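To start, the structure under review is shown below, and the notes come after it.
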Amino acid sequence: MDTLELDGSTLEGGGQLLRIAVALSALLSRPISINNIRGKRKPPGLKYQHAAGLRLVAEVCAARLDGCNTGSTTIELVPQSPQVTSRTYSADPGTAGSIALLLQVSLPSLLFSPSPGAPSTLVLRGGTNAAQAPQIDHMQHVFLPFLRRHLGLEPTLEIVKRGYFPKGGGEVHVSIPAVRGPLPAVTLVERGKVKAVRGRSYAAGLPKSLADAMCAAATEVLVESGVDAELIQIDAVREKPGDAVGSGSGIVLWAETEDGCIFGGSALGRKGVDPARVGKEAGGELVGNIAHGGCVDEHMQDQMIIFLALAQGHSTVKTGPLTLHTRTAMWVAEQLTEAKFRVQETEDGAVIECDGIGYVPTSRAVCSQS
């Protein structure tokens, strides 16, 4: 099969384009070459986290991988005949690079393994709560519930140890049962009223008063926006020394509606920044996601695209304002598959429609774990 060439500076021009392209290449046994990787970032090229994710996918699907060095702006991935024998895979960038992003790039290949038996296991190390990436709590409380409720998938995630910038050192275990048939189409256009808001405000290696202040400020923002105080439950915690590596603080929130939609909001503590301001940022992000009238938040909006493309039939999802990450995800999916996306922009958001390809794994189209 001819190698598909992609320009990594297209649209969003960051690591997301790389992750989606690599995941689909592995699933579909489609050789790809990507140049200008992270062309709109300074500096461009692969970071340790991206290289670790690429090596992980190459191992899972026995691909030939060229150019996978930090700083590289060109890679080539050529999926080979399945040869993998292990059911447990691990990745560690050796930094505080986002564990959530390692999960994003590797999850599709393992979900569609044709091999029967026990679930696959991922052991991922790095940063659990990193900047410019979904928090691991978002993956646990927003992303995975979306996969379970709307796609019938059943991955489970255990946070073994938290890891913070700059040391990393966090560890997450993910159990991934393989799907046996095509994914169902998703119709998600109604969400109902908010029925619960949960959250985690944390401090590691720092006073618990920071977590308390973030919790109080976030609660205040939510109540002022009209959320009933009785629906809000945010845990303020100080990490035990053995449960985290490094020091850090932040807050992660998630809201569930009567129709099963889940939205997130989060913020990280920074040196010299009032923790109350951090709490207000997280609360404001969640309030914004609730206010736009869509059924997914801005992170889930682009994360769902690869699954809609692989699903069987016509999917329709109401979202908030379309993000550049989502436009990029749709562009990549259409380059590598026959899926077709249509977007109807509205005053407060958009409706994304997709005719998926009904992907079913074959022995040569995905990884083998025999």
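Positions of Cβ are set from backbone N, Cα and C atoms, glycine also.
For reference, TrEMBL has these:
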- His325: active site, tele-AMP-histidine intermediate (ACT_SITE)
- Gln104, His299, Met300, Gln301, Asp302, Gln303: ATP binding site (BINDING)
- 11-343: domain 'RNA 3'-terminal phosphate cyclase' (DOMAIN)
- 189-290: domain 'RNA 3'-terminal phosphate cyclase insert' (DOMAIN)
8 Å Cβ shell about Gln104, His299, Met300, Gln301, Asp302, Gln303 centroid, ATP site members excluded: Pro134, Phe143, Val296, Asp297, Glu298, Met304, Ile305, His325, Thr326, Ala329
Residues in the domain 'RNA 3'-terminal phosphate cyclase insert' (189-290) grouped by DSSP into helix, strand and remaining coil: 39 helix, 37 strand, 26 coil
His325 (active site, tele-AMP-histidine intermediate) and Gln301 (ATP binding site), distance between Cα atoms, whole Å: 9
Chain-internal residues, separated by at least six, CB under 8 A from Gln303 (ATP binding site): Gln104, Pro134, Phe143
Rounded Cα separation (Å) that holds between His325 (active site, tele-AMP-histidine intermediate) and His299 (ATP binding site): 9
Site extent for ATP, whole Å (max Cα pair distance, Gln104, His299, Met300, Gln301, Asp302, Gln303): 14
Chain-internal residues near Asp302 (ATP binding site), provided their CB is under 8 angstroms and they sit 6+ positions away: Gln16, Thr323, His325, Thr326, Thr328, Ala329
Cβ neighbours of His299 (ATP binding site) where a neighbour is any other Cβ within 10 Å: 23
Packing count at His325 (active site, tele-AMP-histidine intermediate) (other Cβ atoms within 10 Å of its Cβ): 20
Mean of pLDDT values spanning the domain 'RNA 3'-terminal phosphate cyclase insert' (189-290): 96
